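A.B. asks: First, the structure itself, so that you have it in front of you.
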Amino acid sequence: MNKLALPRGPVWLASDVHLGPATPATQEAFLGFLEAAADEAAALLLPGDLFDAWIGDDVIRAAPPWLAQALRGLQAAAARVPLYLGRGNRDFLMGAELAQAVGAQLLPEPALLQTAYGQVLLSHGDEYCTDDQAYQQFRAMVRNPQWQAEFLSRNIPERLQLAQQARGESMAANQSKSMEIMDVNPDAITQAFRNSGVHVMVHGHTHRPGRHVLDIDGRRCERWVLPDWDCDHAQPPRGGWLVIDEDGLQIFDLEVA
Ligand code: LP5
Ligand code: MN
């Protein structure tokens, strides 16, 4: 398991921000969050779906204005607090070029965080949605290095179009899936607790923030789920983050003016 030693002090985590050209209010809220994290956190971890769709790191070489602004915000934060980026199901193509450009490090999958509260297992969370067979097939396809090389060999407009098509098909498919199918599978979670030996796990992806207390082989375990962000189309606007310090874990809701 990939251990990640973190600096002493509060660890801040946020996922599923889904930044993109069509969500300026979410981006503004996230940029404010980055400043607050730089002021107060000892480390900032973003475990996946920071972007609505990431089609390859080469987009940063001629970044559109919304992306250039997001990158400046990440870079400014990373200059003040160690920043870690993890891949999600929409930005699994994030790589070394992006990380280096903003001064971040890529998170291992999963990561075993060494925090003031003990070891915490961190991942995006989509790998635990094993009942969603259509998604797991899609995941296996796009995580294949050969598929990725072929996709990245296409030009940017073509990749953007494919990403848009995939988002459309995903949204349509999700309408006919049950809430249970799109949530994590209890056996996959049990297995993750057993394999890692930890008592605490954090993930995002399901957009169902909360804390679940479980009994795993007589051990009291906690699964914490990060919230998603939407300050453009959701009413009321939503978003939030999680803090780990020596007292434990706590979810904070975004306060939108
Ligand atoms: O993302 P979200 O929360 O809406 O839904 C996810 C699962 N969907 C996905 C697909 C992504 O949203 C697509 C965007 C990726 C952009 C990256 C750029 C690379 C381009 C890739 C081009 C192929 O992850 C969804 C889960 C849900 O979480 C809950 O867990 O259910 O899974 C699906 O929707 C999978 C579908 O059931 C089947 C696959 C649809 C996509 C088909 C792609 C075909 C595109 C055309 C290629 C020629
Ligand atoms: Mn996700």
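Cβ from N, Cα, C; glycine included.
Reproduced below are the annotations present in TrEMBL:
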DOMAIN    10-209  domain 'Calcineurin-like phosphoesterase'
BINDING   D16, H18, D49, H207  Mn(2+) 1 binding site
BINDING   D49, N89, H124, H205  Mn(2+) 2 binding site
BINDING   N89, R90, D132, S170, N174, K177, H205  substrate binding site
A.B. asks: When a 10 Å sphere is centred on the Cβ of S170 (substrate binding site), how many other Cβ atoms does it contain?
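C.D. replies: There are 14 such Cβ atoms around S170 (substrate binding site).
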A.B. asks: Out of D16, N89, R90, H124, D132, H207, which binding-site residues have CB atoms lying under 6 Å from ligand 1?
C.D. replies: N89, R90, D132
A.B. asks: Tell me whether K177 (substrate binding site) sits in a helix, a strand or coil according to DSSP.
C.D. replies: coil
A.B. asks: Taking the centroid of the Cβ atoms of D16, H18, D49, H207 (Mn(2+) 1 site), which other same-chain residues have Cβ within 8 Å of it?
C.D. replies: S15, V17, G48, G88, R90, G204, H205, D228, W229
A.B. asks: Is it possible to get the count of other C-beta atoms within 10 angstroms of the C-beta of K177 (substrate binding site)?
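C.D. replies: By my count, 13.
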A.B. asks: Are any of the binding-site residues H18, D49, H205 near ligand 2, with a Cβ under 6 Å from it, and if so which?
C.D. replies: D49, H205
A.B. asks: Using the centroid of the Cβ atoms of D49, N89, H124, H205 as reference, list every other same-chain residue with Cβ within 8 Å of it (recorded Mn(2+) 2 site), in sequence order.
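C.D. replies: Leaving out the recorded residues gives S15, D16, G48, G88, R90, G125, D126, G204.
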